[in-house]
Amino acid sequence: MLRKLALGGIRSRLRDYTVLFSGLVIASAVFYMFLALATNKTFLTSNSPLSMTTFIFMFGEVLLAIITLVYIVYANSFLMSMRQRDYAMFMMLGAKSSKIAQLIFVETVTVGVLATAVGTLLGIGLTTAAGHVLLGMLHSSAPGFSPLWWPAVLWTFVFFVVLFILAALFNARSLIKTKILTLLHAAQTPNRLRTKPVLLLIQALLGIGLLAIGYWAMAAVNKLGLSGIGLALVTIVLGSYFMFNATLVFLVGLLKKNKRFASRQLHTFTLSQLSFRIRDYTKILAVVSILFALALGAITVGLGFQRAIPQIAKAQDAYDLVQVAPTAKEKADANKLSGLKAKVVYTQKADGTNIYFKASELNAHPLEFPVFRSLGQSSIEKVTATNFKTKVAENSSNMTEFMRPVDSGKSFTVVSDARFAALAGQPYQVITYQVADFSANYDRIEALVKTQDKRLGFKPDSMTNGQKFGTYALITSMYGGLAFMGFFLGIAFLAMLASTLMFKILSGANYDKQRYLMLQKIGVRPALLRKSIAEEIGALFLFPGLLGVIHVLFGLQLFKALLADPYDGLWLPFTIFLVLYGLYYALTTWLYQSIVITKDLGGRR
Amino acid sequence: MAQPVVSVKNVTKTYGKNNEKQTQALRGVTFDVTPGEFVEIMGASGSGKTTLLNILSTLDQATTGDVHINGEDVTGLKGDALADFRAKQVGFIFQDFNLLENLTARENIALPLALQNAPHKKQQQAVDAIAQTLGIAAVLDHYPTELSGGQKQRVAAARALVQQPAILFGDEPTGALDSQSARELLDTMADLNRDQHVSILLVTHDAFSASYAKRILFIKDGQIGQELVRGEESQEDFYHRILTTVGTFQQ
């Protein structure tokens, strides 16, 4: 009978259970995704030039474990808030408390294990899909990467099941210890705020101080080494928490004191909702700001590495493709390159010792030699007939791609047009191509280079042809793995972020339903209610977002050693991320509005 | 005779769609309330009195029939117009108070004025005045959870009256109160009706509560069955007459 009642309880609150369950599924899926990289030592060591990477991932594991712990604590209290009334009712009907304890334990563990199982499967699926898509995008392979990674499966299960068993024990204990009447009326708890301004000030200062230490540690990671990352981790997590606790409560209080603002429309109500919310939500908001920073940071760094690949390749070779004595078909294919910026045709002749350029052609279109400045930064040197000899002597490797294997060992010489015409031998064309986006033309350039190598007699897959393609592939193999990690973790953290905030907001919707019904009954326009909800949820999204952006701006300091300029082109990842975040805000608001604003005011179902 | 503040003609309400099992909660109800009247609608559980009140206070719509509040036809109102009508013309107090527990008493009472963007000073003056009348001036800065049931219902009444609505509706406002608080609240309502000519319409199943009214309509199975007018009678005599009527009416 009791079992039947328990099941009936679940059925009647299916939507709440859906929110709870999907939240837990995402949490375990993301946990798995992260572990699939973090516990795969082969993958980590063969994809990162840094020996620190393994340790950085270990810190990541700790951080994610903390985040998941907070998440599960919230999920658990949500589960309890749904169930305690039912359980109290069973007790009133005469169920023994030992029986109830047993029931709670079974229910919590069942929900947990099921969610973990589904989540792990989802995690494997997401890992496969994300791995496939990202590696295709990056033209890279990530050696050792395996979507189905058993140690990750094992650890995800161990971690979640242990947590749920602990949660179940805690639930059973606390339910039995509480009085039945308290349980029945748990929703009507008094909530007057008592905040001491001094305490707020101390918390604010502590928050700012901790954040400052964390930001400094990230900037000084070269000096501090690994301990710097550990220090940043602890201080930023705690700093975010205190910031939210102090600053937001203070800010809302300030707005509430501004009577002109507060006494209009629903402002008082919205602010009151927020001030209760923020206290209740501080931990979640701190977690969200960290997740926001991790997701945005990972995507930014991933994009940074991806952008570094063509930059570094460009610093090695100014030409994206050089065709030597191409056939008509090869020329036609090369004309299909997209975003062609420059194409120059030179005429060459070769004899027993020399390869000849025409002076007029070089003067009209000087050759471009890249000059290395710093990591990923280069400038272009123009090479005309006048300085040809010295420049080529300085950096002969730049000319490799202008030479056929049959001509190897010969030297380049510039001659006048008259002299060129008088030379023996067949003239042939050498065409240089520069495109806007190498990556977009990757497949076509690869095909053209392969055809040419075969025709000219280069060994397949060697880099002796001097083409940019080979350099590009080499750099991709070094940086692609890092870019992959960035994007992959960015997606994982974004999913976790979405699920955390949405879960917390929607799990509170039931308590709020009553309030919005009252407001509608006393004649508040539905549009005004919608606005109030949008503002309230907007604040809950905005503040962690702002703090998250600041975290990222400082966090990018960590990558100074690896990227020429980690701050270069920030607008792109920021725009992508903010658009996603905005969409996700709109979705949460819409869901929330559809739960709490009802058309049926009479109260009949 | 003055235009009635509430005018109900042949109102019916049927629950359930055409293809489902239908229940008729109201079967043609007709009555008027004149300005300054204190009317109570009495009936047992399931008699249709709450349905009727929900329709009057525009929380629900009649299936057929006309409802005019303060001369305006409310059956045709929709969306914002309906919300605004409810905010300005109708005051409503509920059995379970329906206060917002995250706002103080003062903020709760000021809410309808804030919705109309009244200046802050005016809001506070109006709140203080109505709080004085209802005897809750001392507890204005408390949260609802810190108030007694009687105080909560006074705060709710203050919120309902602060806009000076055409009529105050109440759905068993004393239902959740102890007898002392119930008596005090009803005394206050009678005072408001007598001194400030507030029109009041309450539904109740409690004869004592009903004895405060000037007129009582008895509702049974979705129809008005009988009407009692107090006239010059003392409250005690009226109470006994109500008890006798309830005894016979329910059979």
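Just so you know, glycine gets a Cβ as well, placed from its N, Cα and C.
Taken from TrEMBL as is:
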| type | residues | note |
| --- | --- | --- |
| DOMAIN | A:62-179 | domain 'ABC3 transporter permease C-terminal' |
| TRANSMEM | A:17-35 | transmembrane segment |
| TRANSMEM | A:55-79 | transmembrane segment |
| TRANSMEM | A:100-128 | transmembrane segment |
| TRANSMEM | A:148-170 | transmembrane segment |
| TRANSMEM | A:198-217 | transmembrane segment |
| TRANSMEM | A:229-255 | transmembrane segment |
| TRANSMEM | A:284-305 | transmembrane segment |
| TRANSMEM | A:478-506 | transmembrane segment |
| TRANSMEM | A:537-559 | transmembrane segment |
| TRANSMEM | A:571-592 | transmembrane segment |
- Query: Given the transmembrane segment (A:478-506), which of the listed stretches A:17-35, A:537-559, A:571-592 has the most Cβ pairs that are under 8 Å apart from it?
  - Reply: A:17-35
- Message: Could you check whether the transmembrane segment (A:55-79) packs against the transmembrane segment (A:229-255) - three or more CB pairs closer than 8 Å, residues at least 6 apart in sequence?
- Response: yes
- Message: So, taking each listed stretch (A:17-35, A:198-217, A:229-255, A:571-592) in turn and counting its Cβ pairs to the transmembrane segment (A:148-170) that are under 8 angstroms, which one gives the highest count?
- Response: A:17-35
- Answer with yes or no whether the transmembrane segment (A:100-128) touches the transmembrane segment (A:198-217) by the criterion of at least three Cβ pairs under 8 A, sequence separation 6 or more. no
- Query: Are there 3 or more C-beta pairs under 8 Å linking the transmembrane segment (A:17-35) with the transmembrane segment (A:229-255), counting only pairs at least 6 apart in sequence?
  - Reply: no
- Query: How about the transmembrane segment (A:284-305) and the transmembrane segment (A:17-35): at least 3 CB pairs under 8 Å, pairs 6 or more apart in sequence, or not?
  - Reply: no
- Taking DSSP H, G, I as helix and E, B as strand, the domain 'ABC3 transporter permease C-terminal' (A:62-179) contains 101 helix, 0 strand, 17 coil
